[in-house]
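*Asks:* Quick one: the structure is below, and I'll ask about it shortly.
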Amino acid sequence: MTKLLVLYYSMYGHVETMAHAVAEGARSVEEVEVTLKRVPELMPEEIARNAGAKLAQEAPIATVDELPEYDAIIFGTPTRFGNMCAQMRNFLDQTGKHWMSGALIGKVGSVFTSTASQHGGQETTITSFHSTLLHQGMVIVGVPYSCQALLNMNEITGGSPYGASTLADADGSRQPSENELTIARFQGEHVAKFTKKVVE
């Protein structure tokens, strides 16, 4: 059985919604066991609540120790000035022992994100994330243009060959569109199919 983890951080719920879509796509592939988890929050609860954070999220908290158990990990992070968020960075900075032991070498890695606008760092957030995965020896998988939703010119939409993304607007009022969720589901399915072949 191929084991795949969707691991995310979501402050306002946009990445959480995308994560569920990614997991849905991955679950559509037979003989792939999909787990959905999130990284720990760093902000004190009161500060997070005052900032409007969505604190009630069903996904359990992941541990660094469990990462080698999976054949693939699809990471989801909101952008922070074109980079991953501090919560995800803090989590990954604790994976030094996996780097030392080579525990993640050959694992499949993929990334999706959320930004405030079309030009808010969708692609740089994902590509800058890739450097961490490459240092761990992971094999990066994106979203090929066989995903027709990437070619949608009829609306403003996130998504690129680097990975799925959504545009939240500066005030967070915009929720992931059906086109963006389609790309997210495609990414989950594509990574699952690729990983299954690698494991076999």
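Quick reminder: no glycine exception, Cβ is built from N, Cα and C everywhere.
The domain 'Flavodoxin-like' annotation in Swiss-Prot covers 4-191 and rests on sequence analysis. The FMN binding site annotation in Swiss-Prot covers 10-15, 79-81, 114-120, H135. The NAD(+) binding site annotation in Swiss-Prot covers Y12, and the record cites sequence analysis as its basis. Annotation comment: Swiss-Prot describes W99 as substrate binding site.
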*Asks:* Which one of the binding-site residues (S114, S117) has its C-beta surrounded by the most other C-beta atoms within 10 angstroms?
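*Replies:* Ranked by Cβ atoms within 10 Å, first place goes to S114.
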*Asks:* Taking the binding-site residues one at a time (G13, G120), which has its Cβ surrounded by the most other Cβ atoms within 10 Å?
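*Replies:* Checking each of G13, G120, the winner is G120.
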*Asks:* Taking the Cβ of T79 (FMN binding site) as centre, how many other Cβ atoms lie within 10 Å?
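*Replies:* The Cβ of T79 (FMN binding site) has 25 Cβ neighbours within 10 Å.
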*Asks:* Would you say which of the binding-site residues Y12, W99 has the most Cβ atoms within 10 Å of its own Cβ?
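*Replies:* Comparing the binding-site residues Y12, W99, the most crowded Cβ belongs to Y12.
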